[in-house]
Amino acid sequence: MVRWLYSTNAKDIGTLYLIFAVFAAMIGTAFSVLIRMELAAPGVQYLNGDHQLYNVIITAHAFVMIFFMVMPAMVGGFGNYLVPVMIGAPDMAFPRLNNISFWLLPPSLILLLASAFVEQGAGTGWTVYPPLSGLQSHSGGSVDLAIFSLHLSGISSMLGAMNFITTVLNMRNPGMTLHKLPLFVWAIFVTAILLLLSLPVLAGAITMLLTDRNFNTSFYDPAGGGDPILYQHLFWFFGHPEVYILIIPGFGMVSHIVSAFSGKPVFGYLGMVYAMFSIGILGFLVWSHHMYAVGLDVDTRAYFTAATMIIAVPTGIKIFSWLATLYGGSLRITTPMLFALGFIALFTIGGLTGVILANASLDVALHDTYYVVAHFHYVLSMGAVFALFGGFYFWTPKIIGKTFNENLGRIHFWTLFVGVNLTFFPQHFLGLGGMPRRIPDYPDAFAAWNAISSFGSLVSVVATALFGYIIYDILVNGKPVDANPWAVPAFFQSTPEFWMESHTASSLEWALESPTPFHSFNMLPVQS
């Protein structure tokens, strides 16, 4: 018990993050199923026509999935576990800071769940816009609890980000220059910079909201000379980099997986790195594309349309580099590779709808419809989550030291693939038809597509239950694995090449035995 409470070992903390993320994923998935069941048919289904309750569920679904599932799993879990190992460091730069970064999250989650139980809950949507989040519309403590929850999770992420930046800059092994870093380490590094620059703005925005609610200030109240649009600018200045924080570690994981199962290095390594940095920088220059509908100046809208479309360029560079890596490789279609290929295909679709939504004139019609929901679930529910599953199947043999059942893994992939596409593809049509977000009832005309969408969500739940069984199966029935479970014997060579230098994996974690020892490196490795 003490080992896990007081642990300063990056691997232990990474494991805690991953367990926490699985727990949060169950809660978030439960919320999403409630949403889809309520929308399965027109009229009242399960929530007794309680629109406030519906919005509380929507809000909780978003917060749990973003702050307690994707970020802890990608940045906290895989980041903590793999970054020190990949750069040849004995641990993170600030191990005890790492410990508190994790332990701030459970209280934060408890605060968020508690907010649903006081008064009527926080039914603001994850954006928490005033005046809906103000004292008139949400009297009682629920929004305040949600704000404190965000504060804690934000502090956790910022401390973690400082830790990652320091670690990557100062603790690389001899010979590992920045231009030799594995792409996943680059991804976490860029993500940490984004976190460090964007979260303080969110903290300021929600702190001013807190004082508006409790201490009679009027930052967002026009009656006292404030402006609710100020909140939107501050929130989205954080909110847009945030969505790149969610996807960039996924880029890094997919690069490793595609490289390993194509049997060759990633095409255009340096281009990949600069593409990630460009995406990160541009992410701070496009926030108002979430606000085309609030009456921005026409020149402002023109700028944000153009800037948003420019983000598609580095993103396209990454997509085509992955395709070039695949092209001519000796492909092995394993479970992680399936998830990586699914990621590339579905992320591209999500990116295309993003370019469509970038157009201010079009977005005025599509804003706050299910078209937007479909867009960001294609990049998150099939981008970030598929990358996470790919990373799970790719690195779990290394982390736990046991294999998973390949057939079950493939069934998991195909079930989930069918489920998420059934869920979210019809939502494009609903959005084009004008069905608004965050409303638990809708006209009969939308019934058919909603029924299909809700059925898809049940398919996804089946896939998720299967994943739970797969975790059990690994722990109980998994066979022990070698240092590199993905190695292939090199034919026509006197030396078994995968002992010397593997074609299937080039980063340092595959040089250690599986499961990775508690102290990774007794002597620092040296990279030529």
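Sequential numbering from 1, following the chain as shown.
Heads up, the Cβ atoms here are built off N, Cα and C, so glycines get one too.
According to Swiss-Prot:
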{"type": "BINDING", "residues": "His240, His289, His290", "note": "Cu cation binding site"}
{"type": "BINDING", "residues": "His367, Asp368", "note": "Mg(2+) binding site"}
{"type": "LIPID", "residues": "Lys318", "note": "N6-myristoyl lysine"}
{"type": "TRANSMEM", "residues": "15-35", "note": "transmembrane segment"}
{"type": "TRANSMEM", "residues": "56-76", "note": "transmembrane segment"}
{"type": "TRANSMEM", "residues": "99-119", "note": "transmembrane segment"}
{"type": "TRANSMEM", "residues": "145-165", "note": "transmembrane segment"}
{"type": "TRANSMEM", "residues": "183-203", "note": "transmembrane segment"}
{"type": "TRANSMEM", "residues": "234-254", "note": "transmembrane segment"}
{"type": "TRANSMEM", "residues": "266-286", "note": "transmembrane segment"}
{"type": "TRANSMEM", "residues": "304-324", "note": "transmembrane segment"}
{"type": "TRANSMEM", "residues": "337-357", "note": "transmembrane segment"}
{"type": "TRANSMEM", "residues": "372-392", "note": "transmembrane segment"}
{"type": "TRANSMEM", "residues": "413-433", "note": "transmembrane segment"}
{"type": "TRANSMEM", "residues": "455-475", "note": "transmembrane segment"}
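Overlay of Swiss-Prot feature records on the structure.
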residue	record	Cβ contacts under 8 Å, 6 or more apart
His240	Cu cation binding site	Gly283, Phe284, Val286, Trp287, His289, His290
Lys318	N6-myristoyl lysine	Phe251, Met272, Ala275, Met276
His367	Mg(2+) binding site	Tyr292, Ala293
Asp368	Mg(2+) binding site	Ala293, Pro436, Arg437, Arg438
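Using a 10 Å radius centred on the Cβ of His290 (Cu cation binding site) and all shown protein chains, the other Cβ atoms total 22. Listed as Cβ neighbours of the transmembrane segment (337-357) (distance under 8 Å, sequence separation of 6 or more from its ends, same chain) are residues 247, 250, 253-254, 257-258, 261, 289, 308-309, 312, 315-316, 319, 322-323, 331, 363, 366, 371-372, 374-379, 382-383, 386-387, 389-390, 393, 409-410, 413, 417, 420-421, 428. Residues 6-8, 13, 16-17, 20, 24, 27, 56, 60, 63-64, 67-68, 72, 76, 138-146, 148-150, 152-153, 155-157, 159-160, 163 of the same chain lie 6+ residues outside the transmembrane segment (99-119) yet bring a C-beta within less than 8 angstroms of a C-beta in it. With a threshold of 8 Å between CB atoms, the same-chain residues lying at least 6 positions outside the transmembrane segment (183-203) that come near it are 74-75, 78-79, 82-83, 86-87, 150-151, 154, 157-158, 160-162, 164-165, 168, 234-235, 237-239, 241-242, 244-245, 248-253, 255-256, 266, 269, 272-273, 276-277, 279-280, 283-284, 507. Those same-chain residues not listed among His240, His289, His290 yet with C-beta within 8 angstroms of the centroid of the Cu cation site C-beta atoms are Trp236, Gly239, Val286, Trp287, Ser288, Met291, Phe304, Thr308.
Against the transmembrane segment (372-392), the recorded stretches 56-76, 234-254, 304-324 differ in Cβ pairs under 8 Å, and the greatest number is found for 234-254.
Same-chain neighbours of the transmembrane segment (56-76): 13-14, 17-18, 20-22, 24-25, 27-28, 31-32, 34-35, 47, 101-102, 105, 108-109, 112-113, 116, 120-126, 146, 149-150, 153, 157, 160-161, 164, 188, 191-192, 195, 242, 245-246, 249-250, 253, 380, 384-385, 387-388, 391, 438, counting only residues six or more beyond its ends whose CB sits under 8 Å from a CB of the stretch. In the three-state DSSP scheme, His290 (Cu cation binding site) falls into the helix class. For His289 (Cu cation binding site), other Cβ atoms within 10 Å of its Cβ number 23.
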